Amino acid sequence: MNKQSWLLNLSLLKTHPAFRAVFLARFISIVSLGLLGVAVPVQIQIMTHSTWQVGLSVTLTGGAMFVGLMVGGVLADRYERKKVILLARGTCGIGFIGLCLNALLPEPSLLAIYLLGLWDGFFASLGVTALLAATPALVGRENLMQAGAITMLTVRLGSVISPMIGGLLLATGGVAWNYGLAAAGTFITLLPLLSLPALPPPPQPREHPLKSLLAGFRFLLASPLVGGIALLGGLLTMASAVRVLYPALADNWQMSAAQIGFLYAAIPLGAAIGALTSGKLAHSVRPGLLMLLSTLGAFLAIGLFGLMPMWILGVVCLALFGWLSAVSSLLQYTMLQTQTPEAMLGRINGLWTAQNVTGDAIGAALLGGLGAMMTPVASASASGFGLLIIGVLLLLVLVELRRFRQTPPQVTASDS
């Protein structure tokens, strides 16, 4: 059979027990983090009535994640990766307990929320980097595209479920329940991760960590193909920072606390559909052009989002953004793995993830600032259409990425 299915092949979960353990742990972790992601902005909005303060919390956490990714890349290449993953997860859980205790105080501390956001952002990113570095050893380099799509599906499905649960918890029990369940879920993820095999770092000459990072930066800047992919990823992540406007837009649409969860769930739902129907993406002849066009469509969806007269139509726009961004992100991931030398894969993956975090932090800060000067509707639309203009310029400038062609892999009877 030579016809490739549109649907994602989930066979890796059956054939690779270690990857199955990571799948389970990641799903539980994403559900836990989703509860946190709903609670923090809503709590800050209630305490301060300021979109700028909400944006600041996201920016601070994003900055801590950037530093953590840089440090984590070095640790993952020097120390046993399973230990790094377990240490990072356990430390994050401690931070979530701190948020829960703070929320139970008669007057919760805004400073404590910011500081614990820095703590959790830093240590969470250590685990992310170690998992990225360990994935080829867990599934094999030939299965990276499939593993990436399954991972995205895991993340997105968890992100669909958790905001809805988080919204219901906010409406019934308050933010302390969100933080407490997030902490419990994070510690539960340690159980499947304990079953992972030892994941030693690859043998390589010892060099100063900064020198190693600089080599990765130089490669990224010198390669118009890989550098263009990283730039698109950062801009796409900037667009997703529109979530800092959700609480204010919810007031504009007169949404209930439970309905706010649908805003947070829309993008992950669209992305889950994109990952589930990604079976043919690896066989695209012109992945660079498809990546550029899907990114432009995602920016347009964000521009239209804030203009919708009803919140349900806004949810549809967010879901469309999620689907298009999933297509672009999967193509980014696959092309980075195939176009980056093996010796550079760890650093480039870390830098790619770090610039995505940076894009999110910058986007959150810009949207928070716009929200202080403009209406939430105008802020959302300005960000989407502004990124669309930049995207059109990149479509013209990134010639090598736009014209890149690949030979689709052959599909044999054993693959079907």
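Cβ from N, Cα, C; glycine included.
When the topology recorded in Swiss-Prot is consulted, GLY55 and LEU105 turn out to share a side of the membrane. Contact between the transmembrane segment (110-130) and the transmembrane segment (257-277) does not hold: fewer than three of their C-beta pairs are under 8 Å, each pair 6 or more apart in sequence. With pairs at least 6 apart in sequence, the transmembrane segment (257-277) and the transmembrane segment (288-307) have fewer than 3 Cβ pairs within the 8 Å limit; the two do not touch. Contact between the transmembrane segment (357-377) and the transmembrane segment (56-76) is supported by 3 or more Cβ pairs under 8 Å, counting only residues 6 or more apart in sequence. Sorting each residue of the topological domain 'Periplasmic' (105-109) by its DSSP state yields 0 helix, 0 strand, 5 coil.
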